[in-house]
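Q: I'd like to ask some things about the structure below.
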Amino acid sequence: MLGCEGEAVVRRWLTLVTGLLECLCFAGAVFGWASLVFVLKTEGYFSYLCVNTTGVNGTQFLDCSAQDEQFSLVFTIASFMNNFLLLPNGFLFDRFGTMVARLLGISMYTSGALFVAFSSSALSVLLFPALSCISVGGIMFLVTNMQIGNLFGSTRSTIITLYNGAFDSSSALFLIIKLLFEAGISLRASFLFLAACGIIHLVRTFLLLPRTHIPYPLPEGYTYGDTPTGKNTSPTHSLRDIPRSKNTSPTPSLRTTPRGKNTSPTPSLRCFLSKFFLWHLVWLSVMQLRHYLFIGTLNPMLQRLTQGEPSLVSTYTNAFAVTQLCGVLCAPWNGLIMDRHKGKPRAPGMSEKEADLRASVLSLTLTALQCVLFSICASTPFLPLQYLTFILQVLNRSFLYGGNAAFISIAFPPCHFGKLYGMLMALSAVVALLQYPCFTLVKGVLGGDPLYVNIALTLLSLLAFIHPVCVYLHCCGLAAQRGKPKDTLPSPSS
């Protein structure tokens, strides 16, 4: 028989492992859209938009550009909802706690799976609410699971990063559905199974997670989940600052502030209007737009490069989905880069915040460089090169979202983390809507050739380098001020 302490240890590890599996198997499925599109096209979704047309040499062929445009619109709306609703969902989580947030997420995810299960080529329009519900429900799984890192003290940031990597890797779920479809398992059966998995999510909600939040640092004798007395207990502390990465919501940050103390007099409006926030918004938005457009147009791009050969399209779609599994392995690398100065002696007068900002310069620069290289490879119409494109894409995506939350937690007062992070993701979601007019431009004016749009996006990605340069110059200014009388630390909002 385990004692109370042994039971608590087992419960915490069970919570950690099941949460990791939940994020890995369900949370970010929507970003495996390219694999699902292959199945949906085979099933004839939006096939009524395909029309017979005559080519320049008089040959007849089936033009499905309007079908591709509808699939692109489905993903555009789903990815927009994934980010834009982080702001209200984060407030919901902060105000009502884990149980309410998870019940909402489970109901959304289950509804989305049922929409797909009962859709058909005649009811293709159901894909619009279906993918949006799966997207929003999945991000709520990530938001409510990341607080589990608070149960493990000094390793909590590693665990949070790992959960975000699992979110990235979960895009391989649609690859599994594609492979099952090719093995004879119907699309309806697969999504009915996903809907039935809502029972597992409910069990975790009631048995392994608190009703409110997991505080940090943990109070003495803290319990959570289903206790021996049959009550779900947890303190009413509402964390204010748990850093999140890719696609998460304004939840409490790793940095906690003692009650009653204001760590910074800087008002939130000044933070919103600061050069750090504005350039970080540009840094995130241009790269996120590049990724969303690539994912949303991957299937028509492969169709063009393979001249419509189904076996080749399937092979490259599978390769892309398999590389997404590596997200859980790539995510912690950025954290190691940003934490490389930890434990090392700092220069006289250098604060920990300044050291963190200096360390972030390399991370921000590497992320921007990865995006430019990824965009160049994606713009090159050479089919075998796309294997390298897939690798660069998953590496850059892992760095992008992990570095995003980390920088916000470093550069601004912890008391504003939730508002800043939620607003940042919501505004970047608005920018990401440009992917649909870009796709329309390619299919219309450019006659299906995305070369000029790809070149424009690659040049646009160069704007991301301005942000690390601004941070570097700010750090140089801090270094120049050290040693002056009554030395004060300039705010990033200056």
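For all residues, glycine too, the Cβ spot is worked out from N, Cα and C.
Curation plays no part in TrEMBL annotations; they are all automatic predictions.
So TrEMBL lists the following for this protein:
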| type | residues | note |
| --- | --- | --- |
| COMPBIAS | 248-259 | compositional bias 'Low complexity' |
| REGION | 225-266 | region 'Disordered' |
| TRANSMEM | 12-39 | transmembrane segment |
| TRANSMEM | 71-93 | transmembrane segment |
| TRANSMEM | 100-120 | transmembrane segment |
| TRANSMEM | 126-148 | transmembrane segment |
| TRANSMEM | 160-181 | transmembrane segment |
| TRANSMEM | 187-209 | transmembrane segment |
| TRANSMEM | 276-295 | transmembrane segment |
| TRANSMEM | 315-338 | transmembrane segment |
| TRANSMEM | 359-384 | transmembrane segment |
| TRANSMEM | 390-412 | transmembrane segment |
| TRANSMEM | 424-446 | transmembrane segment |
| TRANSMEM | 452-475 | transmembrane segment |
Q: Using Cβ atoms and a strict cutoff of less than 8 Å, what residues sit near the transmembrane segment (160-181) while being 6 or more residues removed from its termini?
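A: Distant Cβ neighbours of the transmembrane segment (160-181) are 19-20, 23-36, 38-39, 42, 138, 142, 145-146, 148-149, 187, 190-191, 242-248, 254, 317-318, 321-322, 324-332, 334-335, 394, 397-398, 401-402.
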Q: For the transmembrane segment (315-338), which stretch among 12-39, 276-295, 390-412 has the most Cβ pairs under 8 A?
A: 390-412
Q: Which bits of the chain, at least 6 residues beyond where the transmembrane segment (187-209) starts or stops, bring a Cβ under 8 A of a Cβ in it?
A: 11, 14-15, 18-19, 22, 26, 39-40, 43, 98-99, 102-103, 105-106, 109-110, 113-114, 116-118, 141, 144, 177, 180-181, 224-226, 232
Q: Can you work out whether the transmembrane segment (452-475) touches the transmembrane segment (276-295), with the criterion being 3+ CB pairs under 8 Å where the paired residues are 6 or more apart along the chain?
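A: Between the transmembrane segment (276-295) and the transmembrane segment (452-475), which are separate recorded stretches, there is contact, as judged by 3 or more close Cβ pairs.
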Q: Could you pull out which residues elsewhere in the chain have a CB under 8 Å from any CB of the transmembrane segment (424-446), counting only those six or more residues past its ends?
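A: Residues 65-66, 68-69, 72-73, 76, 79-80, 82-84, 86-87, 247, 249, 277, 280-281, 284-286, 288-289, 292-293, 296-297, 404, 408, 452-453, 457.
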Q: Take the transmembrane segment (12-39) and find every residue of the same chain, 6 or more past its ends, with a Cβ under 8 Å from one of its Cβ atoms.
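A: Residues packing against the transmembrane segment (12-39) from afar: 71, 75, 78-79, 82, 109, 131, 134-135, 138-139, 141-142, 145, 148, 151-152, 159, 162-163, 166-175, 177-178, 181, 187, 194, 197, 200-201, 204, 208-209, 225, 247, 295-296, 298-299, 313-314, 317-318, 320-321, 324, 328.
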